[in-house]
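Taking it in order: structure first as structure tokens, then the write-up.
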Amino acid sequence: MGPPGSGKGTISKRIAESFGLQYLSSGHYLRESIAANTEAGILVKRYVERGLLVPDNVMTRLMVPRLEQLRNHSWLLDGFPRTLAQAQALNSVCELDLVISLNIPYETLKDRLSDRWIHPASGRVYNMGFNPPQVQGRDDITGEPLIQHEDDKPEALVARLRHYKDVAKPVIDLYKSQGILHSFSGTETDRIWPYISSLLSAKIDTHCGKIGQN
Ligand code: G5P
């Protein structure tokens, strides 16, 4: 969990690669359905473009079947659940082992998102200061053009940050009460990452990607 630009995607990919977990990103699935112009994509487009949360029933229908297909795997969710209703829907189909919450100052979030560029087909994320592409404006692997999300533009960003605060609190309180919440604060992903990595090293058996009891 964490506000837009807090580094959820960047850290999630590191976790998934380092610990062999399946990676599921709600934002990526939403953008994929928008790009494919599916019925669901047309419905969610106006929310995502304005930086508003997609309705809970739509999100739950998008995410829960994917988790059900992964019953025998260990996985990492990025961006879901965002609301208490989503957290309750998730709780009804599985038991979470741990939740990571990122606390990043507002000014840092604003700077990062205005500098973010994406390769739409793969979801690869670049930042002109932090992890720039080898060739400006082009994806490192395919050489295809990079784009900026509509929801990273300043008007959408303010709405996204405000919404995040309002809806995240009850979810964070829920996970705190379950004793599974781990919060990390800072302005640099590379400084936060070693703490997250060592937390997970203590919990995950890297040979099979299973969460242990320690
Ligand atoms: P998303 O795609 O889930 P957001 O808004 O939660 O989007 P976002 O914007 O993708 O989150 P992030 O994943 O937290 O941000 O961060 P990131 O992409 O890793 O990093 C942000 C930028 O900073 C990148 O350019 C990265 O390279 C750079 N960066 C990272 N670390 C550092 C650092 O240390 N230093 C520097 N300089 N740069 C760094 O959701 C999109 C929309 O979909 C809908 C909503 O409309 C949402 O707005 N949605 C949902 N709606 C309802 N319910 C849900 N569950 C939903 N999930 C998505």
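Quick reminder: no glycine exception, Cβ is built from N, Cα and C everywhere.
Annotations in TrEMBL come from automatic prediction, not curation.
In sequence order, ILE104, THR108, LEU109, LYS110, ARG112, LEU113, ARG116 are the residues of the chain that are 6 or more apart from GLY5 (GTP binding site) and have a CB within less than 8 Å of its CB. The annotation GTP binding site is assigned in TrEMBL to GLY5, SER6, GLY7, LYS8, GLY9, THR10, ARG116, VAL125, TYR126, THR189.
Look at LEU52 (AMP binding site): DSSP puts it in coil. The AMP binding site feature in TrEMBL is assigned to SER26, ARG31, LEU52, LEU53, VAL54, GLY79, PHE80, PRO81, ARG82, GLN86, ARG160.
If one looks beyond the domain 'Adenylate kinase active site lid' (116-151) by at least 6 residues along the same chain, the residues whose Cβ comes under 8 Å of a Cβ in the stretch are 4-5, 9-10, 25, 28, 31, 35, 48-51, 157, 160, 189. If you look up TrEMBL, you'll see 116-151 marked as domain 'Adenylate kinase active site lid'.
Sequence-remote contacts of a segment are chain residues at least 6 beyond its ends whose Cβ falls under 8 Å from one of its Cβ atoms, and for the region 'NMPbind' (25-54) they are 4, 9, 12, 61-63, 66, 77-80, 82-83, 120, 123, 149-151, 155-160, 163, 167. The region 'NMPbind' feature in TrEMBL is assigned to 25-54.
The region 'LID' feature in TrEMBL is assigned to 115-152. On the 0 to 100 pLDDT scale, the model's mean across the region 'LID' (115-152) is 87.
Largest Cα-Cα distance over the residues recorded as binding AMP, namely SER26, ARG31, LEU52, LEU53, VAL54, GLY79, PHE80, PRO81, ARG82, GLN86, ARG160, equals 19 Å. Across the region 'LID' (115-152), DSSP helix (H, G, I), strand (E, B) and coil residues number 3 helix, 12 strand, 23 coil. The DSSP secondary structure for GLY5 (GTP binding site) is coil. TYR126 (GTP binding site) has its Cα within 10 Å of the Cα of none of the binding-site residues SER26, VAL54, PHE80, ARG82.
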